[in-house]
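Asks: First, the structure itself, so that you have it in front of you.
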Amino acid sequence: MANPADKTIRTTDYDALSCRFNAIRKNYLPDNYTTSMLSGLERLLKYESKLSHKRTFNAIVKSNKLPIINRGTYIRTRALDIVIEEFLRRFDGKCRVMNLGAGSDMRGFWLLEKYKDVEYVEIDFKETVRMKKGVVLTDEKLAGIVGAAYVKGDTQEWWDGLSGGLKTERYELVELDLRNVQALNSYLKEFDEAVPTLVLSECMLCYTESSVANEIIKTLKERLPQAALAIYDPIGGEGNFGNVMVENLKMRNLQMPSLLEYNTLEKYQKRLKDLGIPTVKGANMYFITNSWIDIDEQRRISKLEFLDEIEELKLLLEHYCLVLGYWGFDWELKLKFSL
Ligand SMILES: C[S@@+](CC[C@H](N)C(=O)[O-])C[C@H]1O[C@@H](n2cnc3c(N)ncnc32)[C@H](O)[C@@H]1O
């Protein structure tokens, strides 16, 4: 039987999707297939649970996010996209991007469209993968992008028979509980080692017991000879921020083991170094907003919604970080990580 704690972790993906949808609706971010994911969910959730599907769907699309949340979603998405583009530039687009706990994130689809040599891998729990597979197969455009056969006219019977991941020439959707490090190791053994890999973890490792998360990172380091790991996670900080967040998460039956353990940027970077990653850089999202986003774009963003809580936004952004480690290749990164 499915573990109820895992179900709670899986639902964090709907929060992320809801945040992205709000940021798109308010013009912070381009759509890039998020609304295709939403239409797919609306189509398929009805097969999952007849009683609650409307409630789940409405909770995603009808919740209005505060301006500071939209700003946070914007910079989180842009920062990872910038790292991806830098990695693709480094290898002329001939590389692989692997998203751990990809959930309903759709950035793989525009990347596959834009870069004709890139391979894209998404990993998540089996229930999440099943839903994403269903959405992709029943959307003609998405199925076309990944090169899968389009399913016209989904039915309950079709849904009931749907399982497993999806593998095409350049795209793979993998059902794997990443806490099963042996299974991850076996999966990575099948990889073509010659292809450089950028691994993304956007709010995934933070939900994992730290010792297990460290084993995941070690396995990636051992199995992938030329790779980078980009982690976006909250950091509790030295004030009260982390404790308040822990209390809020508790009310939702969620835990973030890394939040207080790796509570500063320095500790988070040391974590990766101690796991044998030779080059590690990191910055908080406040720094990244001011250093990676050009001034015209910053102005455009600041005009989208009235924001009174300037100090609150700074505090929030300072408690999320992007840490980037890499090994097995040289990278003249133009991105600034410290003053
Ligand atoms: C907060 S959501 C983030 C989704 C996506 N990365 C984003 O930022 O929009 C966390 C995701 O990680 C997945 N996840 C968490 N623990 C996992 C595990 N042990 N194995 C596979 N997926 C996991 C969840 O199912 C969920 O989709």
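Each residue, glycine too, has its Cβ placed from N, Cα and C.
What you are looking at is a predicted structure, and each value in this text was computed from that prediction instead of being measured.
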Asks: TrEMBL records Gly101, Asp177, Leu178, Glu202 as S-adenosyl-L-methionine-binding residues. Which of Arg76, Arg78, Arg223 is assigned to the same site?
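Replies: Answer, per TrEMBL (S-adenosyl-L-methionine site with Gly101, Asp177, Leu178, Glu202), from Arg76, Arg78, Arg223: Arg76.
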Asks: Using a Cβ cut-off under 8 Å and a sequence separation of 6 or more, which residues in the same chain sit near Arg76 (S-adenosyl-L-methionine binding site)?
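Replies: Residues satisfying the criterion: Glu202, Tyr232, Met285, Tyr320.
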Asks: What same-chain residues, at least 6 away in sequence, bring their CB to under 8 Å of the CB of Gly101 (S-adenosyl-L-methionine binding site)?
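Replies: Gly101 (S-adenosyl-L-methionine binding site) has long-range Cβ partners Asp13, Ile123, Asp124, Leu178, Ser201, Glu202, Cys203, Met204, Leu205, Tyr207.
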Asks: Can you tell which of the binding-site residues (Asp177, Glu202) has the fewest other C-beta atoms within 10 angstroms of its C-beta?
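Replies: Comparing Cβ neighbours within 10 Å for the binding-site residues Asp177, Glu202, Asp177 has the fewest.
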